[in-house]
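What TrEMBL records for this protein:
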| type | residues | note |
| --- | --- | --- |
| TRANSMEM | 47-66 | transmembrane segment |
| TRANSMEM | 72-96 | transmembrane segment |
| TRANSMEM | 116-135 | transmembrane segment |
| TRANSMEM | 141-160 | transmembrane segment |
| TRANSMEM | 172-192 | transmembrane segment |
| TRANSMEM | 204-226 | transmembrane segment |
| TRANSMEM | 252-271 | transmembrane segment |
Amino acid sequence: MCKRHRVSSAYERKHIHESKVDDSKEQMPLVFKMLNAFYRFSRPHTIFGTVIGITSVSFLPIESMADVSPVFLIGLLKAIIPAVLMNIYVVGLNQLFDVEIDKINKPTLPLASGEFSREIGTTIVVVVCLMSFFIGLKAQSLPLLCALSGSCFLGTAYSINVPFLRWKQHPVLAATCILCVRAILVQLAFFIHIQGYVLRKPVALTKSVVFATTFMCFFSAVIALFKDIPDVDGDRNFSIHSFSVRLGQERVFWLCIKLLLIAYTIAIIVGASSGNIYQRLVLGHACIASILWLQAQSVDVQDKSSTTSFYMFIWKVQCEAQALAPHQARVLRTP
């Protein structure tokens, strides 16, 4: 009798264990699906652009290897983490107010596809915004806080559908929002954060940061213009009067290409006028400009997948340009 009871108990324990294993196997794919949905919700290409942009501009105040210290690295992290959280807030808020538009333009996004409910989206947006400001306040850096506040205000004004806001409906205001955040706030505020609040140096805008800001103005303008080229169908249906809707996709596309080529021409001229030591930098810019031009020739402007693919290529080119910024800065420091 005891032996039979022990066998029965062992069988029950085994059955319970197998049930738990089966439950965990069912839960794991769900966890991965949620993480994948969050990854897409956060618009990773914008996060990569933010991280590389902040890292790049943070190296501009560096004058010697002695400046690259643990204090510098901690100060850099204090800038990157809240900036990434604010980035997620901005792109997430835009998705919350664009669910119906995204069902046409970007049906694979989590809110448009139904993977995330509005409640989940709202919770994520509120939490990341609060976390961003909390970390920003703890850092005790005025320029960092200004960058977060400015990004929050402009990102909210761009997306939220209330009177006098929803600036994305007006092409000039929409482009201004993106340009201010990507080109001006990211460059100047984080430069001052590192220079004045991390390295404890006198705050002074150098030629290198002025050049980097000017260069990124071109890229930010291009991103602001180009991002709407694949989205004309949904924008037109919901009265979003983007430049692509007003002027046509073809004209906006080639305007973007011309702006990028102008930016690279300026960078090449600056590098070429600074001596033979920087010829590799000039060659790098020339190669990228050539690749950009050749890629542009193969784009079907009327094809959504073709323009979307090229838009992502522009983000990669921007990341490359930001990565080269510290090297370009040396050109401007050379007497």
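Cβ coordinates come from backbone N, Cα and C, glycine included.
Whatever TrEMBL says is automated annotation, not expert-curated.
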Restricting to CB pairs under 8 Å, which listed stretch, 47-66, 116-135, 141-160, 172-192, 252-271, is in contact most with the transmembrane segment (204-226)? 172-192
Can you tell me which recorded stretch out of 47-66, 116-135, 141-160, 252-271 has the most Cβ pairs within less than 8 Å of the transmembrane segment (172-192)? 141-160
